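Sequence annotations record features per position, and here TrEMBL assigns transmembrane segment to 39-56, 136-155, 180-199, 262-285, 305-326. The feature domain 'Homeobox' is assigned by TrEMBL to 84-122. Annotation comment: TrEMBL describes 86-123 as DNA-binding region. Annotated domain 'TLC' per TrEMBL: 131-334, in sequence order.
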Amino acid sequence: ILKTLNSWFWWENIWMPINVTWADFVDRDGLVFPKPHQLYATIPYAFVLLVIRFFSERYIAIPLAKAFGIKNVRRVKPQPNPVLESYFRECSKHPSQSDIQGLAKKCNCTVRLVEKWFRRRRNLEIPTVLRKFQEAFWRFSFYLTSSIAGFIFLYDKPWFYDIWQTWVGYPFQTLLPSQYWYYMAEIGFYWSLLFTLGIDNKRKADFLAHVIHHLAAIGLMSGSWCANYVRLGTLVIFVHDTADFWLEAAKMFNYARWEKTCNMLFIIFSIAFFITRIILFPFWILRATLYQPTYYSTTPVIAYFLFNGQLLILQGLHLYWGYLVLKSLRRFICLK
């Protein structure tokens, strides 16, 4: 069954133009092509990034936070109580007054002690400002490094200035070493974010949107790698990362209570976000993926619809986050 499913998944008509097979993607005459099995390396790369994250948060972010005046607040742990812990996990983190009285009788203690236990237990669930600063620092460091590296990798490429060049010679476009490392680092980074979802700061408003975004990003980059849409893929990565580090920088200064700096960085992020996600992505990237391939092939393959479907999902998320950014700007302007 697995062998049959594997043969269906890698059917050439899904991925390749007409009269092109996987055998045509054997390295030859100085041409190097992306291989699907190379994506397995993104998992070890994700763990390498987690190690780098651990040391950067511990030995760079913490001293930097102290320099900004952010203190490490130690929260008092409640006394171990299996009955209250079970209720906290399975029933409610905010029990009603009648439930508190019932739990007090069950534990043979006063109502005030039960209320105190639940208050301390809830506090443990709230990440400290230092922890938030560490996470923002790691994301800022990666997005900034990725943006600089992306610009260095792309600034001398013709498809960076002429989007039509992304299709010239397709699908027999050679893979550059810079493209390999750019892809591996980005996919590994999003794997690492998925691995740490359970311990990272949980976002109430857009937690599900982030999960969908990470999965869509991994699926989209992996699929574009297999079908050799690498030129377009690097442009998509670059367009996304260039706005994100401004937001993480704004968060860092927000946690440090540098309000004017935070406000300035958030305005810069908002401008960068709307330029890259609301203007460049749909009118530059999506135009290249939806419209331009029809000039090179009269019969779009199934991958054409799969990739564009995922890109449209990403654009939907962009519009949703753009709405949140506008709400924040409105509050910032109206409430000063």
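Glycine is no exception: its Cβ is also placed from the backbone N, Cα and C atoms.
Unlike curated records, TrEMBL annotations are generated automatically.
Mapped onto DSSP classes, the DNA-binding region (86-123) shows 29 helix, 0 strand, 9 coil. If you look at the transmembrane segment (136-155), the same-chain residues 6 or more away from its ends with a CB under 8 A from one of its CBs are 49, 53, 56-57, 60-61, 64-65, 176, 178-179, 182, 185-186, 189, 234-235, 237-238, 241-242, 244-245, 248-249, 251-252, 255. Proximity of distant same-chain residues to the domain 'Homeobox' (84-122), defined by a Cβ-Cβ separation under 8 Å and at least 6 residues beyond the stretch ends, is recorded for 75-78. Within its own chain, the transmembrane segment (180-199) has Cβ neighbours under 8 Å at 34, 38-39, 41-43, 45-50, 53, 142, 146, 149-150, 153, 211, 214-215, 217-218, 221-222, 225, 230, 233-234, 237, counting only residues six or more beyond its boundaries. Confidence over the domain 'Homeobox' (84-122), given as mean pLDDT on the 0 to 100 scale, stands at 82.
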